[in-house]
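What TrEMBL records for 7-153 is domain 'Alcohol dehydrogenase iron-type/glycerol dehydrogenase GldA'. Per TrEMBL, the feature NAD(+) binding site maps to G93, R94, V95, L96, D97, S125, Y131. The glycerol binding site annotation in TrEMBL covers D171, H254, H271.
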Amino acid sequence: MFAIKSPQTYHHQPGLRARVGELLAVHATEIAIITSPKAWQAVNPQLENSLRDAGIRWQVNFLTTECTDAAIETHLTAVRAQNATLVLGIGGGRVLDCAKAIANLIGDIVLVTLPTVAATCAAWSPVSIIYNAHGGHVRSQPLSRMPLMVLVDSEVIAQNDVRYLKAGIVDALAKWYEFRPYKQKNDDSLALNLKIQAAKLAVETFDKYGAQAVLDNARHEVTPALIKVIDANIAAAGMANSMRDETPAPGVAHAIHNRFTHQPELHDWLHGEKVGFGLLVQSLMESDSGEPDPQLLALLRQYDAPLVLPELKGNRDEILSAIACEVKFSAENAARLPFSMTAEHIEKALRATENQHYS
């Protein structure tokens, strides 16, 4: 079995928010918008004007909480009451995950995503990440209905804090470092090899354009380098997640990230920042020398990933032990990796980040 779950169309153009009405009009005249106040402001007045010019009616639903089951249910009720035939998600990861989850629960509705940051591949990814009210990871919900279109406006993304782009680069880099170890025991998997190739494309893009894209984003300028890096963060990383077969290849750094989401002191870290620290831990787990991969460490430093945990409320030793014990990773999946995934091994790597000055 081999499957690819991906959007039908990926459309990236500076100023695209002014064409959204034109692109949606052939699919719906009544749309429900899931967004956040900040994201809605970022795409307007151009997007509203385009909807109005296309004769589309719309209702805006603001997500002001985490993407929780309760929030999904609330907005699902509103979308159904509106009798919309298209759901448009506009925003960052939690907004897009909520929109994707709603469309999948309804079933017979068109789904379109418009990311306003390039901090994750959520606009493309075949899962919705569900959290609790405090931002703790609950589950990654597989999707049966994928976006008809992913609409990317680099003018909008360029106006955001460059921290989001850097976090997205680290999150995309993770696909390479997470999928590659599985090859040692499963070199014949077509899905795995395609995932690795998509991840490699992202890595090569960052090697060539990453530094320039960060400078351009900091100046809020849309440039060829920034466009290429946005595509790598969203499309290449998303494609790496889109290939599936009967043998899962869950990311170790993402599993560590999931536990970090339950740590209140890390709540202000972006998704990619938590994943980046997870990559450091994973690299120490893989290492025979007790040192992380120097190339990875250089990349984490280049993109300002946090390399030391902040002060933790309570007994730090006990908290580190608890984090290690509570990383969820099945024994079946762990057996496919060339390094140990025991709580003791995770804890040893976590403690190594305490004893070394990587930052």
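Including glycine, each Cβ sits where the backbone N, Cα and C put it.
Note: TrEMBL annotation is automatic and uncurated.
Not measured: the values here are computed from a predicted model.
G93 (NAD(+) binding site) falls within a helix when secondary structure is assigned with DSSP.
Put simply, H271 is the one of the binding-site residues D171, H254, H271 whose Cα lies nearest to the Cα of G93 (NAD(+) binding site). Other than G93, R94, V95, L96, D97, S125, Y131, the residues of this chain whose Cβ falls within 8 Å of the Cβ centroid of the NAD(+) site are, in sequence order, C67, G92, C98, K100, T120, A122, S128, I129. Neighbours of G93 (NAD(+) binding site), defined as other CB atoms within 10 A of its CB across all chains, total 23. The Cβ of L96 (NAD(+) binding site) has 33 other Cβ atoms within 10 Å, all protein chains considered. In this structure, the CA atom of D97 (NAD(+) binding site) is 13 Å away from the CA atom of H271 (glycerol binding site).
In this structure, H271 (glycerol binding site) is part of a helix by DSSP. Under 8 Å, Cβ to Cβ, and six or more positions away along its own chain, S125 (NAD(+) binding site) finds G238, N241, S242.
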